[in-house]
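Participant: Supplied in structure tokens, the structure appears directly below.
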Amino acid sequence: MSVNLASQLREGTKKSHSMAENVGFVKCFLKGVVEKNSYRKLVGNLYFVYSAMEEEMAKFKDHPILSHIYFPELNRKQSLEQDLQFYYGSNWRQEVKISAAGQAYVDRVRQVAATAPELLVAHSYTRYLGDLSGGQILKKIAQNAMNLHDGGTAFYEFADIDDEKAFKNTYRQAMNDLPIDQATAERIVDEANDAFAMNMKMFNELEGNLIKAIGIMVFNSLTRRRSQGSTEVGLATSEG
């Protein structure tokens, strides 16, 4: 019997989604204010997070639950490697360092995989649906804000997915068809909210560099008004 997990996740993470949209770094990004050094640090953190998540998902590709949402065409690790080479150069593996919040996120993904792998559903949902929902819009914002012409936005490009909207529907249906009970669904929703919180901590770490670049007065003017969470653009968070 279906527990309509996709709907439960959408409803159960609405507050977290709104909170994520109101982090200063995200609000500035959505308004077209992106500081390159802060952004490349975010790309670095995402590289470590996706590397961990995709490694663990691959381990469980035959899992009775996770096998239903194992879509390697979603994988972002290689795209992030392209972007890191763009921002840091060929020596990027020696240059990129994970932040404290990024490490906490990776540690949680590893812990879940080791103790309750079904909760990886929450991390997959939180990351990939956001990527699919706002990818093209966020790509254009990044290109315009940082004057990018020849790279730096591979993260937002899904070369192996022809129709992103149709794929999102397929993904949601796969979540709804997962062989889980209501108690497990509730644990997945709780984990998704925790994933949102971990994303927000990564964003908060970046605000110092952004403020130094644009000034506190500009930052405050851009972040003063609270968003109502109506947009489906998810900067590294699910569509909500």
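Cβ atoms are placed via backbone N, Cα and C, with glycine included.
According to Swiss-Prot, the heme b binding site annotation covers Arg10, His17, Tyr125, Lys168, Arg172, on the basis of experimental evidence.
Quick one: where do these features end up spatially?
Facilitator: Around the Cβ of Arg172 (heme b binding site), the same chain contributes Ala6, each under 8 angstroms and 6 or more positions distant in sequence.
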Participant: Among the binding-site residues Arg10, His17, Lys168, point out the residue whose Cβ has the most other Cβ atoms within 10 Å, with all shown protein chains included in the count.
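Facilitator: Going through Arg10, His17, Lys168 one by one, the largest Cβ count within 10 Å is at His17.
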Participant: Let me know the largest Cα to Cα distance in Å among the heme b-binding residues Arg10, His17, Tyr125, Lys168, Arg172, as an integer.
Facilitator: 18
